[in-house]
Amino acid sequence: MTIVLTPVWTNGVQKLKVEPGPLAKLPRGLTPPALEHNVHRMRCLAQLRSKDKNIEKYIYLSQLKDADPNMFYKICIENLSEFTPLIYTPTVGDACLQYSHIFRRPEGMFISIKDKGNIGKVLRNWPCIDGARIAVVTDGSRILGLGDLGVNGMPISIGKLSLYVAGAGIRPHSTVPICIDVGTDNKAFLEDPLYLGLRQPRVSEAEMNEFMEEFMHEMSVVFPELLIQFEDFATDKAFSFLSTFRNRYPLFNDDIQGTGAVVLSGFLNAAKLSSAASGRPLADQRILFLGAGSAGVGVSMQLTSFFKLQGMSEEEARQRIWLVDSQGLVYDSRGKLAEHKKYFSRKDYDGPPMTNLVDIIDHIKPTALFGLSTMKGAFNQAVIEKMSEINARPIIFPLSNPVSLSECVFSEAVEWSNGKVIFASGSPFPEQTHAGRTLYPGQGNNMYVFPGIGLGAILARASSITDSMIEAASLGLADSLTDEERALDLVYPRIERIREISAQIALSVIRTAQKEGVDKSSDLRQLDDTALLKHIKGKMWNPSS
Ligand SMILES: NC(=O)C1=CN([C@@H]2O[C@H](COP(=O)(O)OP(=O)(O)OC[C@H]3O[C@@H](n4cnc5c(N)ncnc54)[C@H](OP(=O)(O)O)[C@@H]3O)[C@@H](O)[C@H]2O)C=CC1
Ligand SMILES: CC(=O)C(=O)O
Ligand SMILES: [Mg+2]
């Protein structure tokens, strides 16, 4: 790995920017005489572990990434299960809440409504335009389950891109975190003297749409090789920007499509476990969602599309799904419904509004219960006991993030189901011992798929991201469990294997892009699967030792 020392001027002060490469190999005189890579690695880990609070660990790691990205990624990849909760959910949620207070130095691009008419010029200020391959773009309007955080949403784009590097070997300087600032409706932030964003309410829908048209056009001009991941846009914008832009630019929405892929994958493995206990085939699964927003509807669409692949009619597939939102069960005669809920709105229920989750479970008799509602504790004892009463092995996935908003915690789910639950959550929980057995929670988080989707799309130079590419990623993940993982009843692979899994997912994504004719890297078509996998692995960036 070459070390590039680029002089960077910030407020009149020159700093040498160290491109990924070992700090310990800097030219003589620039480091202490006894700085040795392996010892420094231990030093960095010791400094990290000496901190009591996760937010302090987050700050330390952000600074380490800034000063010595090679070391940051080295220890991150070697300690993934320790690092992901720090650089990603749940700690990234705290980092977003506190961003304007803990901010040290900028990372990524801030494009604001004040740049309208001038966005291309601002984008050209990015220091690494030629190498840029993937941007995660948020407007901070729905950060995890924490709501509108305005420009404080930036750590989400940064955290997702760190996972692209750690989990799929995207080169660090190919990543572009972007936070769009079109104001915020977060009153506390607007009144906070340290708030880093524009001090104005969010702009109108029409103005936002105009801004996004210009932003997306200029992105494609300035960064012609860039894949875009939309992240944590509020529900209506999430759906509308995905449909407006997906056939014009290479992009996907992580909350709708990435979550759809990861939950389908975990569900398929969970359904195998539950059917081993109940004998119930996949076609008889009944899935209830608490939460009918971008993630809930995104997962519902992914499941429906899979059921259709299995030979069900569209109507049969749709009949497997029930949605509950803040007003209760979603059904046609309830009254006016948001556009994104209409497809799954039930036509077969015409009674009084149903708002109590236990009553709804009693009525529907679901085999699987998914939480994408941001409602902490919504899967209470009565809910889990009811699910366990009607299912030999209930599938219960409280998927809301961060951990403080999870619909239930793993220890409760184990206790209240008497150890029968098949569980995955959005944020990580510790394992539990029940009746002498160790039970492992899954982490049903889109972090398992977006790195591989991105890697595959980048290497294929995909002109768009099709539904089949997302589905291929999901099925690739579902198939990736080892015998040892299956023996432990895991529904997702161990996070330590993410690089191997991302390479497999990338292979499935590339092959699907080729079938659909959206790949521009036609030379990859000549390779058989073994050669293609080798090519993918060879392209993955590794920190040097
Ligand atoms: N594990 C993962 O990989 C992912 C997890 N998530 C998490 O999922 C959660 C939701 O995200 P997203 O769908 O984008 O958010 P949205 O805001 O789009 O949707 C939230 C949904 O929850 C519903 N809701 C709110 N309060 C209640 C309530 N009391 N009872 C029932 N439903 C309620 C809302 O109802 P209404 O429509 O009536 O307002 C809405 O349908 C977040 O916490 C997010 O972090 C998201 C993406 C990926
Ligand atoms: C995981 C994720 O994308 C979310 O919670 O929004
Ligand atoms: Mg998200």
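The count begins at 1 with the first shown residue.
Cβ atoms here come from the backbone N, Cα and C positions, even for glycine.
Look at TrEMBL and you will find Tyr88 tagged as active site, proton donor. The active site, proton acceptor annotation in TrEMBL covers Lys160. TrEMBL lists Arg142, Asn401, Asn445 with the feature (S)-malate binding site. The divalent metal cation binding site annotation in TrEMBL covers Glu231, Asp232, Asp255. The domain 'Malic enzyme N-terminal' annotation in TrEMBL covers 65-246. Marked as domain 'Malic enzyme NAD-binding' by TrEMBL: 256-514.
Feature map: annotations from TrEMBL on the structure.
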residue	record	DSSP class
Tyr88	active site, proton donor	coil
Arg142	(S)-malate binding site	coil
Lys160	active site, proton acceptor	helix
Glu231	divalent metal cation binding site	coil
Asp255	divalent metal cation binding site	helix
Asn401	(S)-malate binding site	coil
Asn445	(S)-malate binding site	coil
Identify all same-chain residues not among Glu231, Asp232, Asp255 whose C-beta atom falls within 8 angstroms of the centroid of the divalent metal cation site's C-beta atoms; report them in sequence order.
-> Thr138, Arg142, Ile143, Ile156, Phe230, Phe233, Ala238, Asn253, Asp254, Ser294
Do any of Tyr88, Lys160, Asn401, Asn445 (recorded positions) have a CA within 10 A of Asp232 (divalent metal cation binding site), and if so which?
-> none
Considering only the recorded positions Tyr88, Asp232, Asp255, Asn401, Asn445, which possess a Cβ situated under 6 angstroms from at least one atom of ligand 2?
-> Asp232, Asp255, Asn401, Asn445
Which recorded positions, if any, among Lys160, Asp232, Asp255 have a Cβ under 6 Å from ligand 3, given in order along the chain?
-> Asp232, Asp255
Write out the long-range same-chain contacts of Asp255 (divalent metal cation binding site), meaning residues 6 or more apart in sequence whose Cβ is under 8 Å from its Cβ.
-> Phe230, Glu231, Asp232, Phe233, Ala238, Ser294, Ala295, Gly298, Asn446
Should we count any of the recorded positions Tyr88, Lys160, Glu231, Asp232, Asn445 as near ligand 1, judged by a CB under 6 A from one of its atoms, and which?
-> Asn445
What is the interatomic distance between the Cα atoms of Tyr88 (active site, proton donor) and Lys160 (active site, proton acceptor), given in whole Å?
-> 7
Other C-beta atoms within 10 angstroms of the C-beta of Asn401 ((S)-malate binding site) total 24
Number of Cβ atoms other than its own within 10 Å, given for Asp232 (divalent metal cation binding site) = 25
In chain order, residues whose C-beta lies under 8 angstroms from the C-beta of Asn445 ((S)-malate binding site), counting only those at least six residues away in the same chain, are Thr89, Val262, Leu399, Asn401, Gly426, Ser427
Integer Å distance between the CA atoms belonging to the residue listed as 'active site, proton acceptor' and Arg142 ((S)-malate binding site) = 15
So for Arg142 ((S)-malate binding site), how many other CB atoms are inside 10 Å of its CB?
-> 24
Could you give the mean pLDDT over the domain 'Malic enzyme N-terminal' (65-246), rounded to a whole number?
-> 97
